[in-house]
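Have a look at the structure below, then the notes.
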Amino acid sequence: MEHMSGELHAASLLHMRRLMKCLGILPFGQNLYAKGFCYVLLGVSLGFSSYWRFSFDYEFDYDFLNDRFSRTIDLSNFVALVLGHAIIVLELLWGNCSKDVDRQLQAIHTLIKLQLDTTNSTDRVRRYCNWIYGSLIIRWLIFIVVTIYSNRALTIYATYSELVLLARFSEFTLYCAVTLFIYQELIVGGSNVLDELYRTRFEMWSIRRLSLQKLEKVQAIHNSLWQAIRCLESYFQLSLITLLMKFFIDTSALPYWLYLSKVEHTRVAVQHYVAMDECVKLLEIIVPCYLCTRCDAMQRKFRSMFYTVTTDRRSSQLNAALRSLNLQLSQEKYKFSAGGMVDINTDMLGKFIFGMISYIVICIQFSINFRAKKMSTDCQNITSTSAPI
């Protein structure tokens, strides 16, 4: 059974664990020196980023001394980047419960296969995860290429931290894909249990009792899955809400920088960097929201399967088992929240995009008012200096 449960981890999260260790945000071992190396790498990377951000002599795309609004947005992006990177690494080093989550998900996968008579394989979840890995690699390559193409300290300083943030959020996307796979297999197992109840409705009680016991197994497996999702929420308790706030700031500010870059007539390379970074961040958010919505749909489909059972409803034992199962399924609804503040689904995605567009319009309006006020002030200064004494 231990080999069978490890099959799910090998098909989904194994490569991400290795990738995060190569990035230096996960220690290669549990000894003090391995964790100390991660702390040192975090301090060096944040110190290097801060040095390039504040001490390097590069040109600004806006009036740094007078445009307070643009300066506030610029510094907010930097603070969100540094805080996001630090929170991710510290959370992984202090409260890393990924092994517990993996162990629970793998045990659920094994129980579905053994107790509910399913012939599930990991080909489907491997295909899901390969798509996510491919998307991550493509987004990494795009981000690195546009950073090199723009060739500015304003973009180079954030490269490593941005890669760390994308890797952590892709880890969450992988867990969403694994959860969706388990729900799909649970529906197959539930269908097998209902078919067995229908086939044994005229058999002796000793045989029918074995079929009724599988309803209790379904109930226990679903409860284990619900508890695994709660453990997964604890694993991403701080980093997920921090990443969402960071992506919201970025997706709201990047179109503003694109507008400001066109107004100030800066290099086209900077505009390409801003546009590609915006697409990368939006794609990063859309995929897990869609997967979480699909998981909720699968859980509701699984719950409706047992609400509509009509086979042998004169049996008091079957009615009691179905009543207990339906009561539990109605209480253990699928819901994944980011730090208990917001639920991850397409409804949240719609609110996210609406808020992003609203802030983009507000930022552009502030910029237009600032430029109009600046032009008015310049005209008044020119008039006062050219007036006769």
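Backbone N, Cα and C atoms are what each Cβ position is placed from, and that goes for glycine too.
Positions annotated as transmembrane segment by TrEMBL: 36-55 (among others). When Cβ-Cβ distances below 8 Å are used as the criterion, the transmembrane segment (36-55) is approached by residues 24-27, 78, 81-82, 85-86, 89-90, 93, 153-154, 156-158, 160-161 of the same chain, each at least six residues removed from its ends.
The transmembrane segment feature in TrEMBL is assigned to 75-94 (among others). A Cβ distance under 8 Å defines the sequence-distant neighbours of the transmembrane segment (75-94), meaning residues of its chain 6+ beyond its ends; these are 20, 25-27, 35, 38-39, 42, 45-46, 49-50, 53, 158, 161-162, 164-165, 168, 237-239, 242-243, 245-246, 249-250, 253.
Counting same-chain residues at least six beyond the ends of the transmembrane segment (131-152), those with a Cβ under 8 angstroms from any Cβ of the stretch are 15-16, 58, 159, 162-163, 166-167, 170, 173-174, 177, 267, 269-270, 272-273, 276-277, 280, 283-284, 287. Look at TrEMBL and you will find 131-152 (among others) tagged as transmembrane segment.
Here TrEMBL flags 172-194 (among others) as transmembrane segment.
What TrEMBL lists as transmembrane segment is 235-258 (among others).
The feature transmembrane segment is assigned by TrEMBL to 348-368 (among others). Within the same chain, residues 69-70, 73, 244, 248, 251-253, 255-256, 259-260, 263, 285-286, 289-290, 342 sit at least 6 positions outside the transmembrane segment (348-368) and bring their C-beta atoms closer than 8 Å to a C-beta of that stretch.
Tertiary neighbourhood of the transmembrane segment (235-258): same-chain residues 61, 73, 76-77, 80-81, 83-84, 87-88, 91, 95-98, 101, 165, 168-169, 172, 271, 274-275, 277-278, 281-282, 284-285, 338-339, 341-342, 344, 352, 355-356, 359-360, 363-364, 367, selected by CB-CB distance under 8 Å and a gap of 6+ residues from either end.
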